[in-house]
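Colleague: Got these off Swiss-Prot a minute ago, pasting:
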- 1-20: topological domain 'Virion surface' (TOPO_DOM)
- 42-51: topological domain 'Intravirion' (TOPO_DOM)
- 73-80: topological domain 'Virion surface' (TOPO_DOM)
- 102-223: topological domain 'Intravirion' (TOPO_DOM)
- 21-41: transmembrane segment (TRANSMEM)
- 52-72: transmembrane segment (TRANSMEM)
- 81-101: transmembrane segment (TRANSMEM)
Amino acid sequence: MNESIFPHWNSDQAITFLKEWNFSLGVILLLITIILQFGYTSRSMFVYLIKMIILWLMWPLTIILTIFNCFYALNNVFLGLSILFTIISIVIWILYFVNSIRLFIRTGSWWSFNPETNNLMCIDMKGKMYVRPVIEDYHTLTATVIRGHLYIQGVKLGTGYTLADLPVYVTVAKVQVLCTYKRAFLDKLDVNSGFAVFVKSKVGNYRLPSSKSSGMDTALLRA
């Protein structure tokens, strides 16, 4: 490799670099930490999307660094470890795409490429399909309507809905299966507010029913 492109640093140069860029690196790491710590769909969809971009970039950056280490290994032991880490990183990156594509085929939603989870909650509200990521494999899901605002597991989906608009079934799509949740309880608090509880009732290997004519996946990334 060209030494002018990849110069050899000594310890003094590395310390000088850290002194000059310490503040900037600290601010960048602080921002990334805050985004990763507080980026949830129930808080801010914009921050959550930034978090997803950061997580998505982690693997390709890791692959680049491990390949770089293969060319600049300190000895044969580090070379062997660098090659091993490179292979592992590439294999995991490929598996991520394979699983994401399989989930996309099942749901038709771009949320399938979410690097944080392979669980996608799907709810049909008056012919409009909402798809959102859920982190855990819940046994129950809670839908709440507050003055026309619809929330599922604390995540706001849309407005202009009533308890009567809630479907009987909600699904959670995974790479291998599609879990069906049946409405088991509904409580009306007042005219425009209430909640419903959906309980997991069936698990099977089938696709989410398509409703493209009703705009199934045209606004899946909206808060």
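Each residue's number is its place along the chain shown, starting with 1.
Backbone N, Cα and C define each Cβ position, glycine as well.
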Colleague: If you run through the topological domain 'Virion surface' (73-80) with DSSP, how many residues end up as helix, strand and coil?
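Modeller: The breakdown for the topological domain 'Virion surface' (73-80) reads 5 helix, 0 strand, 3 coil.
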Colleague: Would you list the DSSP helix, strand and coil counts for the residues of the topological domain 'Intravirion' (42-51)?
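Modeller: Result for the topological domain 'Intravirion' (42-51), in helix, strand, coil order: 7 helix, 0 strand, 3 coil.
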Colleague: Residue counts in helix (H, G, I), strand (E, B) and coil for the topological domain 'Intravirion' (102-223), per DSSP?
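Modeller: Within the topological domain 'Intravirion' (102-223) the tally stands at 16 helix, 56 strand, 50 coil.
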